[in-house]
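For reference, the structure is listed below as structure tokens.
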Ligand SMILES: *[C@@H]1O[C@H](CO)[C@@H](O)[C@H](O)[C@H]1NC(C)=O
């Protein structure tokens, strides 16, 4: 419990620090963003994900779903991780699509703790989710891709927005198409690398 809240605090400190840097850092995502500042960042996430997924492969699917649920609400900013607080009394985490079915929080917490030891205050939680989903895709399905990093953690998380943007499991094709279109993704989109 204690380590969980300290990780949350770390994420919040990030969000605050990066808020100030936003004009400088916007649109600066790139492959290998942490190459100089935290060279082992991606390998630390990968080995953390591997150790959890080996024991429970369902967690790998959970991490891919977490990335999807994070990105569809306010962009890929780790807003899905925020616990209730005075600033976010009813966060995304509480919403029907996420509670109680979203899985893998403990993997992100473990990776964040390892990264804080290696290079304190450098790697965002948003990037950890993105990398963890990528690593899970490889472990479960041998799908391998490079992913740009440099995301910043958001500070706002609202239950109702998760309900608004995440497609429901009973959506038909036209409803699914519409909810992806809101995020700029069409039926013709293909993965690229
Ligand atoms: C999908 O569901 C919506 C909302 O219920 C409905 O209006 C639409 O006709 C459905 N589309 C198809 C192709 O069934």
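Cβ atoms here come from the backbone N, Cα and C positions, even for glycine.
What you see is a predicted model, and the numbers here were worked out from it, not measured in a lab.
Among the features that TrEMBL reports, signal peptide is placed at 1-27.
Taken from TrEMBL, the feature domain 'Plant heme peroxidase family profile' covers 28-193.
Around the Cβ of residue 119 (disulfide bond), 15 further Cβ atoms fall within 10 Å across all displayed protein chains. According to TrEMBL, the disulfide bond annotation covers 38-119 (among others).
When Cβ atoms from all protein chains are considered, those within 10 Å of residue 65 (site 'Transition state stabilizer') total 18, not counting its own. Taken residue by residue with DSSP, residue 65 (site 'Transition state stabilizer') is part of a helix. The feature site 'Transition state stabilizer' is assigned by TrEMBL to 65.
What TrEMBL lists as active site, proton acceptor is 69. Neighbours of residue 69 (active site, proton acceptor), defined as other CB atoms within 10 A of its CB across all chains, total 22.
Neighbour density for residue 70 (Ca(2+) binding site): within 10 A of its CB lie 29 other CB atoms from the protein chains shown. What TrEMBL lists as Ca(2+) binding site is 70, 73, 75, 77, 79, 92.
Sequence annotations record features per position, and here TrEMBL assigns disulfide bond to 71-76 (among others). Listed in sequence order, 67, 70, 126, 129, 130, 151 are the same-chain residues at least 6 apart in sequence whose CB falls under 8 Å from the CB of residue 76 (disulfide bond). Secondary structure at residue 76 (disulfide bond), as computed by DSSP, is coil.
On its own chain, residue 167 (substrate binding site) has 175, 176, 179, 180 as residues at least 6 apart in sequence with a Cβ closer than 8 Å to its own Cβ. The feature substrate binding site is assigned by TrEMBL to 167.
Other residues of the same chain near the Ca(2+) site, with their Cβ within 8 Å of the Cβ centroid of 70, 73, 75, 77, 79, 92, are 69, 71, 72, 74, 76, 78, 80, 154, 157.
In the three-state DSSP scheme, residue 92 (Ca(2+) binding site) is classed as helix. If you take the CA of residue 92 (Ca(2+) binding site) and look 10 A around it, the recorded positions you hit from 65, 69, 71, 119 are 69. The most densely surrounded of the recorded positions 38, 71, 73 is 73 (count of other Cβ atoms within 10 A of its Cβ). Taking the Cβ of residue 75 (Ca(2+) binding site) as centre and 10 Å as the limit, one finds 14 other Cβ atoms among all the protein chains shown. Of the listed binding-site residues 77, 92, the Cβ environment within 10 Å is emptiest of other Cβ atoms at 77.
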